[in-house]
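Record features (TrEMBL):
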{"type": "COMPBIAS", "residues": "947-956", "note": "compositional bias 'Basic and acidic residues'"}
{"type": "COMPBIAS", "residues": "957-979", "note": "compositional bias 'Low complexity'"}
{"type": "COMPBIAS", "residues": "980-994", "note": "compositional bias 'Polar residues'"}
{"type": "DOMAIN", "residues": "86-341", "note": "domain 'Anoctamin dimerisation'"}
{"type": "REGION", "residues": "1-63", "note": "region 'Disordered'"}
{"type": "REGION", "residues": "119-140", "note": "region 'Disordered'"}
{"type": "REGION", "residues": "947-994", "note": "region 'Disordered'"}
{"type": "TRANSMEM", "residues": "355-379", "note": "transmembrane segment"}
{"type": "TRANSMEM", "residues": "525-549", "note": "transmembrane segment"}
{"type": "TRANSMEM", "residues": "569-593", "note": "transmembrane segment"}
{"type": "TRANSMEM", "residues": "613-634", "note": "transmembrane segment"}
{"type": "TRANSMEM", "residues": "739-762", "note": "transmembrane segment"}
{"type": "TRANSMEM", "residues": "897-918", "note": "transmembrane segment"}
Amino acid sequence: ESISLLPGSPRRLCPRAVVRGGQDPKHGQQCLQVPRPGARGLQGSLTRRSSQASGGGRSPNSSVINNYLEACEPLSSEPRLSRLHFHDNQRKVDYVLVYHYRKRGAHPGSPGHSLAIVSNGETGKDPDAGAPGDIEPGPLDALEEERKEQREEFEHNLLEAGLELEKDLESKSQGSVFVRIHAPWQVLAREAEFLKIKVPTKKERYVIKSEGSIAKTFNEILQKLSAPLKPRVPEHSNDRMKNLSYPFSRERMYLYNIQDEDTFFDNATRSRIVHEILKRTTCSRANNMMGINSLIANNIYEAAYPLHDGEYDSPGGDVNDRKLLYQEWARYGVFYKFQPIDLIRKYFGEKIGLYFAWLGLYTSFLIPSSVIGVIVFLYGCATIEEDIPSKEMCDQQNAFTMCPLCDKSCDYWNLSSACGTAQASHLFDNPATVFFSIFMALWATMFLENWKRLQMRLGYFWDLTGIEEEEERAQERPRPEYEARVREKMLRESDKSLVQKLGTGGTEDADDEDKLTWKDRLPGYLMSFASILFMIALTFSIVFGVIVYRITTAAALSLNKATRSNVRVTVTATAVIINLVVILILDEIYGAVAKWLTKIEVPKTEQTFEERLVLKAFLLKFVNAYSPIFYVAFFKGRFVGRPGSYVYVFDGYRMEECAPGGCLMELCIQLSIIMLGKQLIQNNIFEIGVPKLKKLFRKLRGETEPGEADSACSKHPEQWDLDYSLEPYTGLTPEYMEMIIQFGFVTLFVASFPLAPVFALLNNVIEVRLDAKKFVTELRRPDAVRTKDIGIWFDILSGIGKFSVIINAFVIAVTSDFIPRLVYQYSYSHNGTLHGFVNHTLSFFNVSQLKEGTQPENSQFDQEVQFCRFKDYREPPWAPNPYEFSKQYWSILSARLAFVIIFQNLVMFLSVLVDWVIPDIPTDISDQIKREKSLFVDFFLKEEHETLRPTEEPARRSQGASRRSGGSPAASPVPSGRSQRGSSTSPGSQHTSV
């Protein structure tokens, strides 16, 4: 009698065709292998497959039957319709597990046929235990044998949970095995009800009404104008339509329009359901490890991922979601189009969908800020000829003799030689920058408020309301590293009761001895605190090292007459490049250090781990990126001293001064080079080049390792092989981090660089498509994760927005000349203009009071100098208190502090006002939520009435007949529930009238 392998497959194997594992099957021979009874793993017997493909019920103590058959070619006689299904062309592959095996004693030259193992889900006892046909596998080392037993038990538990498996046979000396997982309808329905997944009901899509005729007309005009910018995807066509959704329930199957069980749940939902089962399935042989993540962390499995929906660049007319995303979203040629956010959410899940929605809103908000920034810059260009201080500095008739910039080798110089620097400073240091700083502070507030509104709108359309229970359930699941630490702690205890509790899942107990207390975590916390302080100190030390480089290089270049004229430009440019290289290197180091420090703290859940990692990485990268900019903005030139009493870093090396036009121009250069360098090198070249190099390395390594792939199968690789060669998905933290750092560049020092939003906009237009291409073509498909917001990143954005108000206030008050000009014009000017402002900012110094050995050697100055000028507010040499701070200095200082207080409070008040005016929940969404409740009540009552009508009519007829006959009404059987295709209703699933 022959044994059927798969439903619908006419090919059958004879139970006599059994060979031992040590023997090589002949070419073309189909072989059936039964696990040997002596093994500690699974034991199975051959029984006839049931009529249903999904299998019947399973007893918890029964063993699983595995059919091993040779099948590089399709197992079914029918041609392969899709490489996303089992070899029977019927069951869809919902998830893939991969592990690497290595055998000892196998012949390297043995022919490697690709064999598939199909777990048909049947169970039964083993009547043939100890039969002579059992195969004795080659000897394995202890670790490999232990991992094999753990995998077998885990896969057995998956089968007990209702999943169906198909995997390759370990027929070579070493290689990778792909375990394909399929979830039948019963499992999908059960888990969807458990997870409370909202699915569309039979109710037709209803229109989202817009309030007001004016708003409706404006919206229609806007829709027509933006039609060429919309992607050609089905999900983007009707953005004013919504399905009426309800959590899936097997007792209310009549609410849903289930036309095809295979397509009712989309691929992302199916893989999410399977992943939930994988995360909660235990393995007792692996110390009761909970979930696939623990097994991957212990190298029992190598990878676990859902499949992509086919190839994105396949020829032909077959269009899948991945191909559609590539054509309409993940190409640079469609950079002008809107993002298909609904399709992104459908394919990748809500978490990634929210990231791209946030990135798209941020990029669109950069457009008005870029326009205003360009206008401010053009205003500076247009008024450069009318700037009185610049004219006075460039006037050679009224030249100011300035004190030497260094000792001995530097000569006296005319202020008119710095004319170019003064004019360039006016481009960014003009009254319009104050307005732009206020605008950007309000811009940040409006951006965050609009994001909250968009987040609520997406949450409504994506049915994310009420997922708090799901997030709490995810938070309760411990990480594998936490479970391992708990086990180590329990094993260190001498009490046997703790060890016994470990065997019964003690990691879930609420007792203190089963958890990590603050004493257990204290070493990790101390290590994190000390390491973060060390890293911050290291960053400051490097900044100080660059300062020393600038000082020494400037002194060395000043000795040579040929390089003396370009000292400031050369030193500034090389120092900024050094800062950029150091920032790029330390960014990678700090990212790895933050991850290591978070691991040694052993957070319990994945969410806690991610939040702590984000905070550490952001703190270190923020200090790393902004410390050189903070130095130039607030510290450079503040501690120089004065002629005759300079501050020296080392012997003969004075602290560096700001340029004659102020430090704002140098701050602009520093900010622009670091921002553009990070975006160009780190965000684009690294993101494009590093994944390609990794992919090339994996490809070369796969070609050099023997027995990895079969030549016949490599010509037509399966989808799981193609996805396995892609880069694994590691989370959204790097993507958010680079955008958050850029957000800081745009908002924190925007007063010194109004063009920052322009460069950020240009970068983000490329960044959106670059990230899209990476997710679609270069990464394995991530698990679909439901979340209602962007988490801790919103708090960081809000903090940066508030911090930017203070920073810009100090940049305008301290770094720029806005306050000194204002004070001079209204307090010291004779005619209310800025004429005489440059002379007002320069103090006198008697050159005869220079220290011995610091006077210029071989001075080539045209005239004999008695007094030189330096930029500061000090008393002249002939005053009673020479070189002390003058009255003007204190008045300007008080004006600066007053401006900081007024500016900060004014902008904060306006931000709070904007926050109050713009509601967090759009009015139309709040109204639609109320309307949807009433719609659903009507729909629910209607469906309940239609469901109960067939059961009420026979009862009425029987009651009427009994009254006519005069007898008592006979009890008639009532159906237990409405029969639905593919579902089995129990007597407990009767519907009650509402």
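Including glycine, each Cβ sits where the backbone N, Cα and C put it.
Sequence-distant contacts of the transmembrane segment (355-379) (same chain, at least 6 residues past either end, Cβ-Cβ under 8 Å): 338-339, 341, 344, 427-428, 430, 432-433, 435-436, 439-440, 443, 446-447, 450-451, 454-455, 458, 732, 735-736, 739, 743, 746, 750, 754-758, 760-761, 764-765, 767-768, 771-772, 790.
In the predicted model, the domain 'Anoctamin dimerisation' (86-341) shows an average pLDDT of 76. Residues of the same chain lying 6 or more positions beyond the ends of the transmembrane segment (739-762) and with a Cβ under 8 Å from any Cβ of it are 359, 362-363, 366-367, 369-370, 372-374, 376-377, 428, 433-434, 436-437, 440-441, 443-444, 618, 621-622, 625-626, 629, 633, 664, 667-668, 671-672, 674-676, 678-679, 793, 796-797, 800-801, 803-804, 807-808, 811-812, 815-816.
Long-range contacts of the transmembrane segment (613-634) within the same chain: residues 528, 532, 535-536, 539-540, 543, 546-547, 576, 579, 583, 586-587, 590-591, 593-595, 597-598, 663, 666-667, 670-671, 674, 678, 733, 736-737, 740-741, 744, 748-749, 752, 792-793, 796, 810-811, 814-815, each at least 6 residues beyond the stretch ends and with a Cβ under 8 Å from a Cβ of the stretch.
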